[in-house]
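Participant: The structure follows.
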Amino acid sequence: MVLDTSSDASFVPCSPCSGCASSTFGSLDCSVAQCSQVRGGSSCPATGPEPATCLFNQSYGGDSSLSAALVTDSLTLGNDVVPGFAFGCVRSVSGGSIPPQGLLGLGRGPLSLLSQTGPLYSGVFSYCLPSFRSYYFSGSLKLGPVGQPKSIRTTPLLKNPHRPSLYYVNLTGISVGRVRVPVDPKSLAFDPSTGAGTVIDSGTVITRFVEPVYAAIRDEFRKQVKGPFSSLGAFDTCFGEAAEAPAITLRFEGLNLTLPMENSLIHSSSGTVACLSMAAAPNNVNSVLNVIANLQQQNLRILFDVKNSVVGIARELCN
């Protein structure tokens with residue numbers, strides 16, 4: 001399953017599945033509390049002799065959506081069993097962004113894995129994503145406080161009532177090489193009324209900054225790198241691979257993270273071109289949001305501790 005820290009409800013494809021049987025499986029109807037907790041809203045008939053099955057629709061990845069029934073079953077993770085775990089049983093999808101093998105919702109909402117497991121994991125988990133270029137691509141997900149790194153630098157975890165499922169942090173500045181990029185603090189500010197601010201997200205690939213912040217990073221990066229520059233797909237600052245590139249440092253409250261070069265550059269398949277692997281925020285509901293995405297999280301242990309309201313980040317070889 002795809003691990004997504006910005007989604008709450010987990011979902012899996014429920015067909016085709018010949019010979020599948022689970023004695024603990026059951027459908028949830030419109031009368032249960034979970035049905036009203038699904039993001040995007042459930043579709044329940046206003047009248048009827050008895051409660052109907054809880055069906056819901058959800059958009060995903062900006063261009064896709066799914067239709068699912070809310071069901072329950074025992075979830076087994078390693079040696080842990082979570083009885084009565086509620087999740088979506090996918091009936092149909094449209095668009096190409098829905099993970100075909102399903103998704104594990106690691107957000108902060110009531111239907112997320114953390115909320116449904118309660119004291120079992122105490123609101124703590126961490127993951128380590130290996131390099132995109134790693135051969136085996138075997139990172140790790142650690143659930144619960146046991147076995148988490150003892151000494152790890154942390155930054156406060158913020159809660160935004162406008163987008164309550166997301167993990168917000170306080171990004172205070174960005175440096176390119178030794179130059180602190182000049183940005184208006186308002187462009188980075190956490191704003192509970194609009195949903196503005198910075199989130200750490202495992203389910204987004206490319207880090208995006210609000211337009212003026214991205215423009216300032218890009219312009220300073222171009223000043224320090226020998227051009228000429230070209231565009232490639234979503235990236236507008238591509239250059240010959242032989243050119244030296246400066247390191248980019250993300251400055252969070254209480255924690256500076258200097259990105260390894262593979263976390264700030266992406267290379268063309270031909271291997272002759274490198275691009276700054278960041279972009280401007282899209283012109284949609286996320287236009288006010290800075291998103292630190294998974295390309296920038298390679299070979300880092302990212303720890304989320306909701307109980308103590310901190311996010312920890314440490315270098316680690318994840319593979």
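Just so it is clear, glycine is given a Cβ too, placed from its N, Cα and C backbone atoms.
According to TrEMBL:
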- 1-314: domain 'Peptidase A1' (DOMAIN)
- ASP4: active site (ACT_SITE)
- ASP201: active site (ACT_SITE)
Participant: Counting across all protein chains shown, how many other Cβ atoms sit within 10 Å of the Cβ of ASP201 (active site)?
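Facilitator: ASP201 (active site) is surrounded by 21 other Cβ atoms within 10 Å.
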Participant: Sorted by position, what residues of the same chain at least six away from ASP4 (active site) have a C-beta under 8 A from it?
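Facilitator: Listed in sequence order: LEU103, LEU104, GLY105, LEU106, GLY107, ASP201, SER202, GLY203.
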Participant: Which whole-number mean pLDDT does the model give the domain 'Peptidase A1' (1-314)?
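Facilitator: So the average pLDDT across the domain 'Peptidase A1' (1-314) works out to 91.
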